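For reference, Swiss-Prot has these:
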type: BINDING; residues: CYS148, CYS151, CYS201, CYS204; note: Zn(2+) 1 binding site
type: BINDING; residues: CYS165, CYS168, CYS187, CYS190; note: Zn(2+) 2 binding site
type: DOMAIN; residues: 4-69; note: domain 'J'
type: REPEAT; residues: 148-155; note: repeat 'CXXCXGXG motif'
type: REPEAT; residues: 165-172; note: repeat 'CXXCXGXG motif'
type: REPEAT; residues: 187-194; note: repeat 'CXXCXGXG motif'
type: REPEAT; residues: 201-208; note: repeat 'CXXCXGXG motif'
type: ZN_FING; residues: 135-213; note: zinc finger
Amino acid sequence: MKVDYYEILGVTRECDDKKLKSAFRKLAMQYHPDRNAGDKEAERKFKEIGEAYEVLKDPQKRAAYDRFGHAAFENNNNGGGSPFSGFSAGGFADIFEDFFGEIMGGGHRKRSDGRERGADLSYNMEVTLEEAFSGKTAQINIPSSVVCDACEGSGAKKGSKPQTCGTCHGAGRVRAAQGFFSIERTCPVCHGRGETIKDPCPKCQGTRRVEKNRSLSVNIPAGIEDSTRIRLSGEGDAGIRGGPSGDLYIFLSVKPHEFFQREGADLHCRVPISMVTAALGGEFEVSDLDGIKARVKIPEGTQNGRQFRLKGKGMPMLRRQQVRGDLYIHITIETPQKLTQEQRELLQKFEKLSNHENSPQSHGFFSRMKEFFENISGKNE
């Protein structure tokens, strides 16, 4: 018995698209075959998750599933192969024609040519910020359904071929009288395919496809952002009976960086400096993500939180890679700790020699604070 799609993804029936996508990505990452090499249970879960998301992400398929459950897609199953398969565009026409045809006694219709589009697949990939900066070509292994090479996709044993169904005569549907109505339904013998296989292919067991790990080369462009989606047309599951292959979607996530934080095409970096450097001024060297160094001059009296902008030292823009964002340096002044007696005495001497011009903000603040409390005391007397 099939598990409820909502239970598979761990969401409620009322969840929105954002929560649905988030749940799918989390589970797909957890059970991805690359992270669970040789684990058949993880591979089964991965495909089960993909099947559930393939239905629930599409408003029409989701509505049909909410109304009919798994029965909404049973007519399109091919009896085997990848659980991702069987969600072709023509499937929902069959569902509603079956539903209304059985009530209203709809007329006979011609069977389609039987071609079914392969299912779309997804792959989660994590890249470093450096890789997002420069771009890369990655090799991935993706489990998918491919056309059986033993029977060339016919599903029949070598030397034989599928036969026209003797029950529906190739139409894929049969009609029966029920009272005053003529009811048309899917052929119970060929399950709507219009043909039967007497001698199934021993390799694919008549399913026309087999499971295979494929190695693909994926181009990651410079400037990609977290949650970028790359579509590889035709790299999903193989179609059935000459139908087109599905697509492969690469979902990218960018790892957090040790030094840089990203906001769009801009980079931000916090740099700690000593209290002395902040007071007397100085300079330091910083490298951007392409390894080019730049010197940052710190003027005398630099305050904590001051920001310096290095123009054109940020990330390349995805669709205008010749244009780069900026790098922002955020200054953090580090207060000295574990002072020696001599250092303590020098600081105390410095404090005695200081006046309000050395610390205008703190002097002004405490003067105003003193005046504030004096006013309160005067009112209470």
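Note: Cβ is positioned from N, Cα and C throughout, glycine not excepted.
Overlay of Swiss-Prot feature records on the structure.
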residue	record	contacts (Cβ under 8 Å, 6+ apart)
CYS148	Zn(2+) 1 binding site	GLY155, CYS201, LYS203, CYS204, THR207, ARG208, ARG209, VAL210
CYS151	Zn(2+) 1 binding site	LYS157, LYS158, CYS201, LYS203, CYS204, ARG208
CYS165	Zn(2+) 2 binding site	GLY172, CYS187, VAL189, CYS190, ARG193, GLY194, GLU195, THR196
For the binding-site residues CYS168, CYS190, CYS201, which one has its C-beta crowded by the most other C-beta atoms within 10 angstroms? CYS190
Can you tell which of CYS187, CYS204 has the least company, meaning the fewest other C-beta atoms within 10 angstroms of its C-beta, among these binding-site residues? CYS187
Whole-number mean of pLDDT values that fall within the repeat 'CXXCXGXG motif' (187-194): 83
Apart from CYS165, CYS168, CYS187, CYS190, which residues in this chain have a Cβ no more than 8 Å from the mean position of the Cβ atoms of those residues at the Zn(2+) 2 site? GLY166, THR167, HIS169, GLY170, ALA171, GLY172, ARG173, VAL174, PRO188, VAL189, HIS191, GLY192, ARG193, GLY194, GLU195, THR196
Reduced to three DSSP states, the repeat 'CXXCXGXG motif' (165-172) has 0 helix, 0 strand, 8 coil
With the Zn(2+) 1 site defined by CYS148, CYS151, CYS201, CYS204, which remaining residues of that chain have Cβ atoms positioned within 8 Å of the Cβ centroid? ASP149, ALA150, GLU152, GLY153, SER154, GLY155, ALA156, PRO200, PRO202, LYS203, GLN205, GLY206, THR207, ARG208, ARG209, VAL210
Secondary structure of the domain 'J' (4-69) by DSSP, residue by residue, totals 51 helix, 0 strand, 15 coil
